[in-house]
Ligand SMILES: O=c1[nH]c(=O)c2ncn([C@@H]3O[C@H](COP(=O)(O)OP(=O)(O)OP(=O)(O)O)[C@@H](O)[C@H]3O)c2[nH]1
Ligand SMILES: [Mg+2]
């Protein structure tokens with residue numbers, strides 16, 4: 001029997017959105033595993049690849065990992081992959097204040113999925129999704145990370161103020177998931 005795909009994440013909200021986006025009709029079994037993977041430094045793709053390599057060592061089968069960046073254009077793309085620590089220490093309102101000295105409040109959210117079949121020598125496949133927007137004063141429920149201070153371009157609501165189906169239809173994660181699903185539809189999952 002084929003091994004299930006394992007999404008390795010320690011973040012319950014990411015897992016929740018992953019399951020919602022994947023939908024119930026996805027034809028493969030998905031398990032999740034909370035392994036506290038190290039937070040790597042580097043470009044988003046390098047970070048996702050490094051996480052994926054480590055996840056393969058743990059799972060020894062097909063794995064998916066996700067890394068999320070929030071990039072402020074006025075700061076040359078920072079915090080980027082380091083958003084977790086900025087958020088932890090500053091909160092959404094502190095992220096907004098970080099840009100108080102800049103006219104440019106534009107930012108983009110980036111979701112990078114890295115997938116490997118886990119087989120010896122198998123490549124790591126990358127699927128990225130980007131959503132452009134602005135950093136605003138926090139609005140809406142503070143249920144998930146920086147959602148209250150990110151307002152996607154062309155909308156007057158923050159991610160936090162949107163209902164989930166609206167967020168999913170335009171979000172960084174929603175866009176990455178379209179590509180990930182498309183890959184599995186075309187290639188299937190390995191029978192190992
Ligand atoms: O408001 C948000 N809307 C989102 O859609 C979203 N996606 C991720 N995040 C936060 O951004 C950081 C990424 O760091 P991250 O990718 O390393 O995740 P993580 O360490 O929490 O989990 P993982 O690495 O075990 O999968 C973490 O603080 C996440 O909570 C989001 N916040
Ligand atoms: Mg992490």
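Quick reminder: no glycine exception, Cβ is built from N, Cα and C everywhere.
Remember, TrEMBL labels are computer predictions, not curated facts.
Annotation comment: TrEMBL describes 9-14, 51, 67-68, 144-147, 167, 172-173 as ITP binding site. What TrEMBL records for 39, 67 is Mg(2+) binding site.
What TrEMBL annotates, mapped onto the structure for a quick look.
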{"residue": "9", "record": "ITP binding site", "DSSP (3 states)": "coil"}
{"residue": "39", "record": "Mg(2+) binding site", "DSSP (3 states)": "coil"}
{"residue": "51", "record": "ITP binding site", "DSSP (3 states)": "helix"}
{"residue": "67", "record": "Mg(2+) binding site", "DSSP (3 states)": "strand"}
{"residue": "145", "record": "ITP binding site", "DSSP (3 states)": "coil"}
{"residue": "172", "record": "ITP binding site", "DSSP (3 states)": "helix"}
CA pair residue 172 (ITP binding site) / residue 67 (Mg(2+) binding site), Å rounded to integer, equals 11
Checking the binding-site residues 13, 68, 147 against ligand 2, those whose Cβ falls under 6 Å of one of its atoms come out as none
Close to ligand 1, in the sense of Cβ under 6 Å, among 9, 67, 68, 147, 172 as binding-site residues, are 9, 67, 68, 147
Per the 10 Å Cα distance test against residue 39 (Mg(2+) binding site), the binding-site residues 9, 13, 51, 68 reduce to 51
Of the binding-site residues 9, 13, 51, 147, within 10 Å of residue 67 (Mg(2+) binding site) (CA to CA), in sequence order, we find 9, 51
A correct count of other C-beta atoms within 10 Å of the C-beta of residue 147 (ITP binding site) gives 22
If you tally other C-beta atoms within 10 angstroms for each of the binding-site residues 39, 67, the top scorer is 67
